[in-house]
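Taken from TrEMBL as is:
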| type | residues | note |
| --- | --- | --- |
| DOMAIN | 276-432 | domain 'Bacterial sugar transferase' |
| DOMAIN | 499-690 | domain 'Bacterial sugar transferase' |
| TRANSMEM | 12-34 | transmembrane segment |
| TRANSMEM | 46-64 | transmembrane segment |
| TRANSMEM | 85-100 | transmembrane segment |
| TRANSMEM | 106-124 | transmembrane segment |
| TRANSMEM | 281-304 | transmembrane segment |
| TRANSMEM | 504-527 | transmembrane segment |
């Protein structure tokens, strides 16, 4: 049984126990509160009865039930298994009570209600859990990324057998008998042939390799396995002899194929992995809570000394070359580069305090919670560092990076040995005892031996880069403002005051009233695609100011070459209109929230901040500005809006290509008034309810 199936089974047991508790309580309430009242009820007897039910549940799962295939069972099989579970529990409980000769103490009708209620409740709990786990396993974070080595005759069959296994993601194909680099099978690119596969696999963010070919003899297979193990890749071999090569081996099933897996190193026992991850989640939650507590105090300090982003991020390399954003508190001033050029101190007082107390990296708790890093592990390099790594150093990242490790409490020794010692960073996945030892040593260095640590040049460069990116996004879009001058009258001034007042009041009320809708949409987006429910995109606001506009994410969270998945007509539409009819990247939930315009709800936050208004031209990306030509200054003279004249009266029926959209946006700019805003708001509601122009 592989780890994902085992994990799913354990989660199922937890959900089953919870549903049994719920069903028992419901049956108790229905029988004794709603039907007969609580006269002469011995609650202790029913507590004992529930404990007996729980014991019977454990026994039947140990003896009778086979739940290995829980995650892959269809609804029919699940109904059968659920009914069997409840029937077995009921029969065994009745038998025990009969032999104990105290069945008269319990209500038979209450047991009947329990049986009737528990079947649908348990089935519902299992189906919800299955949905959540399937989404989680289908996300890139939890999938094992596999490169397939096969031949041109066997590759189609191999790929067809792998496409329905959510535990694995195929990230590349190597063909041993021909050079088809650039072609693809089932949407997966051929990345190498027999002569170039080592370099290609090293450069790929792959966890393992599946060897599935007819024309590879045992000697060549043995060479491939040994070579791939030497660069830290696990190798799954389909239908080959067990004695091909020495090393740690496991039997696995990938897709519909039985394989023998030659492991690059011996991993922790499953229970140790669970304990370790549980500790990481708890530590991550505590760290996130502490970060939230600290943010107001840090924010006030930064506001006084150098206003700007409180938390910044930098791209780091995780396990097997995966990129992720690592978070930390900003410790440098927003003009840090100028300070350094002039020989001044680039650090804020708040930043220095955070750094001395080792609190500047507290937001990395979010990465710990998400599983990007662990508590103990090798150092997570920057992209530049990783590109300069030799193969031996890259092999060390077959283990998940950590917050602390050998590199954190023995830096000088690590620098000298890490690049040459094959096993220096490899024991992290083998011993919890070793993890505890490393943790104690690192804490000792942090608290006792080295209270004044020094920021590395890499960290300085990353902060300077992050600050530069922030400042770059603050630079307004450059255009000729003299082309269009807004007439400043008393009436217009009053109109803008009234409009801003309504924006603040209505957006605040909307955020409060619609918070349950926000929560439901967030849950639906996460349940379908298992990733961040929000999406932010830089748009151009009033006077060319760059603003980040928020939306609910309606597209799949995948990195894909858009030219490969779109038809020529869709690609042309994307390049001219910046949107696509029947976009294949849109999720089912995304399709609904787009048509109903619910994806725009997070822009209430933008309205409250003053980035946009309730009514105005739609905020557009920089590329779209060129379409407006000489009318650019006129367009950017007003605040963009959540809805507008084009959005309300034509929506997607008026396009850039026809010129209708530009005309409608300009009409609003030229005729904006309080009465027109009110008409647009009511027309927007009407259009949304009718679904006119929706995509």
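In case you wondered, yes, glycine gets a Cβ from its N, Cα and C as well.
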Take every residue in the domain 'Bacterial sugar transferase' (499-690), average their pLDDT values, and give the whole-number result. 82
Relative to the transmembrane segment (106-124), the stretch among 12-34, 46-64, 281-304 with the most Cβ pairs under 8 Å is 12-34
Quickly jot the same-chain residues contacting the transmembrane segment (12-34) by Cβ under 8 Å, restricted to those at least six beyond its ends, or write none. 41, 46, 50, 53-54, 57, 61, 67, 70, 85, 107, 109-111, 113-114, 117-118, 121-122, 124-126, 128-129
Other same-chain positions with a Cβ less than 8 Å from the transmembrane segment (281-304) and lying at least 6 residues past its termini are 310-311, 329-330, 348-350, 354, 359, 362-370, 375
